[in-house]
Amino acid sequence: MAAGGLSRSERKAAERVRRLREEQQRERLRQVSRILRKAATERSAEEGRLLAESEDLVCDDPEELQRKVRELASAVRNAKYLVVYTGAGISTAASIPDYRGPNGVWTLLQKGRSVSAADLSEAEPTLTHMSITRLHEQKLVQHVVSQNCDGLHLRSGLPRSAMSELHGNMYIEVCTACTPNREYVRVFDVTERTALHRHQTGRTCHKCGGQLRDTIVHFGERGTLGQPLNWEAATEAASKADTILCLGSSLKVLKKYPHLWCMTKPPSRRPKLYIVNLQWTPKDDWAALKLHGKCDDVMQLLMDELGLEIPRYSRWQDPIFSLATPLRAGEEGSHSRKSLCRSREEPGPGDRGAPLSSAPILGGWFGRGCTKRTKRKKVT
């Protein structure tokens, strides 16, 4: 035995203890994963207690997360065609709730609680949004497929040709009477008067006079608009991808789109999948690597590992202001949502100085339109 060291039998005993602890932790993590697959209303009191006691298990410890980020960075560098899939989890840092997290929209609705949010015009692209834009500039990311309606990818400077907003964009309304469809980017949430199966915004096309509609795809609806959904580019990107990075998505909706997962290809030819999410996803078993962490934390580590600086978001450089079509005379009263402005002190066009509110949002993509579709009883 070396001076000051352990004997062989002591080292073996210590190794057995270490392995036992690791196995116990893995088993507990498997239990947590099984619980997270259930809706919040279906979890027992005992399961709720176990989740509360296991918060440390949901996130990878710093050393493990750093190791995984190094592996992810290698995958990003070596990818020939990297596509990023994003969900609500990348916008929680902008104070926009996710859907299936502990305080998510679906979770609260299932508990019978109201959904409220701060004025969405206050939301700005997060560190993750800006990191994705930089990765695209560096040609490390080829395309972004997003489930989010919040318009933050657009506002981060990501080119519209490089993204597919599968569920629409809260700042865009279109005229479907024009061919091709005529698009109007606004500096306010256009979905105030819209909801499930009711998409007219109350404004009209400047060219043909037709009714404008929002671009949001609610549960129970099929997205048919060319833009901003850009399904053609999404499926083409998926077919070319050798690597897919999923950020902040439960994948419970995206899994239903087989074209995004190249399911017609043999397993050996499908893209490698990397997932960053705090909760279980139905694609975890298929993933080459699963990182349990917050998206901003992971992306900060990733950009450091890649040696890339993350650009800071600036309202003065926000592309939405140059893309936006101003309202015509007489249309100023067609909405009551707070408008974006280049400076927080500057009043938005058409704003009437109303104070910010965190009252329940009553209409549009974030209110009635975000409730799940319910089956209607047939009238006989």
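Every residue gets a Cβ built from N, Cα and C, even glycine.
A TrEMBL annotation is a machine prediction, not a hand-curated record.
Residues or ranges marked as active site, proton acceptor in TrEMBL: His167. Annotated Zn(2+) binding site per TrEMBL: Cys175, Cys178, Cys205, Cys208, in sequence order. Here TrEMBL flags 8-23 as compositional bias 'Basic and acidic residues'. The domain 'Deacetylase sirtuin-type' annotation in TrEMBL covers 62-309. What TrEMBL lists as region 'Disordered' is 1-23, 334-360.
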Rounded Cα distance, in Å, between Cys205 (Zn(2+) binding site) and His167 (active site, proton acceptor) is 22
Here the Cα-Cα span from Cys175 (Zn(2+) binding site) to His167 (active site, proton acceptor), rounded to a whole number of angstrom, reaches 17
Residue counts for the compositional bias 'Basic and acidic residues' (8-23) under DSSP, helix then strand then coil, are 16 helix, 0 strand, 0 coil
Around the recorded Zn(2+) site (Cys175, Cys178, Cys205, Cys208), other residues with Cβ within 8 Å of the Cβ centre, ordered by sequence, are Thr176, Ala177, Asn181, Arg182, Thr204, His206, Lys207, Gly209, Gly210, Leu212
Cα of Cys178 (Zn(2+) binding site) to Cα of His167 (active site, proton acceptor), in Å and rounded, measures 21
Within 10 A of the CB of Cys208 (Zn(2+) binding site), the number of other CB atoms across every chain shown is 12
Quick note, the residue listed as 'active site, proton acceptor' and Cys208 (Zn(2+) binding site): C-alpha atoms separated, nearest Å, by 26
Counting across all protein chains, other CB atoms within 10 angstroms of the CB of Cys205 (Zn(2+) binding site) number 18
Of the binding-site residues listed (Cys175, Cys178), the greatest number of other CB atoms within 10 A surrounds the CB of Cys175
Mean pLDDT across the domain 'Deacetylase sirtuin-type' (62-309) comes out at 89
